[in-house]
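Worksheet for the structure shown next.
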Amino acid sequence: MPFRRTLLAASLVLLITGQAPLYAAPPLSMDNGTNALTVQNSNAWVEVSASALQHNIRTLQAELAGKSRLCAVLKADAYGHGIGLVMPSIIAQGVPCVAVASNEEARVVRASGFTGQLVRVRAASLSELEDALQYDMEELVGSAEFARQADAIAARHGKTLRIHLAFNSSGMSRNGVEMATWSGRGEALQITDQKHLELVALMTHFAVEDKDDVRKGLAAFNEQTDWLIKHARLDRSKLTLHAANSFATLEVPEARLDMVRTGGALFGDTVPGRTEYKRAMQFKSRVAAVHSYPAGNTVGYDRTFTLARDSRLANITVGYSDGYRRVFTNKGHVLINGHRVPVVGKVSMNTLMVDVTDFPDVKGGNEVVLFGKQAGGEITQAEMEEINGALLADLYTVWGSSNPKILVD
């Protein structure tokens with residue numbers, strides 16, 4: 001029945017409008033995170049600190065010292081922090097440029113009242129590009145074929161589309177023209193010669209967070225942009241050159257060029273030692289109940305943990321479906337009342353168990369910190385990354401997309 005209703009609705013749209021409905025990604029929330037009810041009855045939630053975010057923006061702007069413009073990268077729903085929550089701070093701090101990946105992100109950025117520069121930082125499909133014309137978004141272009149197709153779309157709508165020509169200067173081999181070959185340079189020249197595309201920027205992206213590798217990619221980018229500007233007879237004063245992500249922005253100042261694209265640094269996700277940037281996200285849950293079990297009992301699926309003593313185990317209302325992955329089985333820790341307690345047994349779909357035997361004050365209803373700080377304790381980025389075997393962004397983008405979010409200050 002649901003399928004038949006959907007089919008009927010689609011048929012009605014086609015009958016009434018003469019057009020097939022455009023299906024897109026699930027709508028992102030415009031919630032600004034100020035309603036406590038969004039997390040009060042939730043099993044797990046993400047807290048986002050507006051003060052930390054605004055502090056990080058100001059710190060970054062001060063470091064740039066007006067020599068490079070800041071483009072705030074808010075892809076993946078602002079790295080899981082929620083574009084609806086983040087945009088008021090972006091606007092309040094006067095950030096001139098926002099970068100996104102999806103049309104839905106672009107919609108929320110514009111709906112928030114942002115009228116500045118909006119850029120997509122990945123290759124779009126042709127249907128995405130056409131739909132995004134309504135958001136006045138600048139598009140990444142990295143092939144002559146795509147440029148011709150984009151030009152045709154812009155012409156059909158009577159528009160001129162602003163584009164950023166991407167180079168494969170550091171070997172990402174993902175979006176950019178390969179300027180190390182003559183055929184690639186020929187493609188770049190063709191891209192600059194499309195009637196309905198306005199070239200406003202030249203860009204690249206660094207493949208490795210390593211200073212020497214960044215400098216090597218930067219040298220290639222500088223040579224390649226110089227060549228294209230000369231041979232395509234471009235006006236350098238009308239072009240924005242940008243390459244630096246958060247790592248390059250903070251660690252290789254010469255890579256900042258005209259504009260930097262920072263995402264992680266805005267949210268406090270930086271290299272070790274950059275303590276001036278504050279973490280903007282915490283991931284939390286609650287204790288459902290505390291149970292007593294005798295020594296010798298096993299815990300969880302597949303009996304991966306055996307109690308060595310009579311124990312008190314707290315049942316936490318979060319699991320791998322909420323983004324707390326099974327990799328933390330018998331390895332992770334959480335904070336309850338400031339106590340650091342270990343995860344025991346396999347993380348389940350909706351539940352995990354922790355050993356609170358040594359802490360009689362732990363009881364049902366207590367707040368649990370899965371990532372972040374509590375009463376002097378901390379679950380750190382380093383330990384989460386070591387156990388997960390990947391960057392923290394691999395986790396917090398999922399936490400944010402799987403759980404409600406709230407601003408805490």
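Using N, Cα and C of the backbone, Cβ positions are placed for all residues, glycine too.
Counting every protein chain shown, the number of other Cβ atoms lying within 10 Å of the Cβ of K75 (active site, proton acceptor) is 18. Here Swiss-Prot flags K75 (among others) as active site, proton acceptor.
Around Y301 (active site, proton acceptor), taking its Cβ as the centre, 13 other Cβ atoms fall within 10 Å, counting all chains. Among the features that Swiss-Prot reports, active site, proton acceptor is placed at Y301 (among others).
Taking a C-beta cut-off of under 8 Å and a sequence gap of six or more, M349 (substrate binding site) has these contacts in its own chain: G319, Y320, S321. Mapped onto three states, the DSSP output places M349 (substrate binding site) in coil. The feature substrate binding site is assigned by Swiss-Prot to R174, M349, with sequence analysis given as support.
According to Swiss-Prot, the feature disulfide bond maps to C71-C97. Taking all protein chains in view, 24 other C-beta atoms sit within 10 angstroms of the C-beta of C71 (disulfide bond).
Residues or ranges marked as N6-(pyridoxal phosphate)lysine by Swiss-Prot: K75.
Annotated signal peptide per Swiss-Prot: 1-24, in sequence order, evidence recorded as sequence analysis.
Among the recorded positions listed here, namely C97, R174, Y301, C97 has its C-alpha nearest to that of K75 (active site, proton acceptor). Of the listed recorded positions, namely C97, R174, the sparsest CB environment within 10 A is found at R174. Considering only the recorded positions C71, C97, Y301, R174 (substrate binding site) has C71 as its nearest partner by CA-CA distance. Under DSSP, C71 (disulfide bond) is assigned to a strand (E or B) in the three-state scheme.
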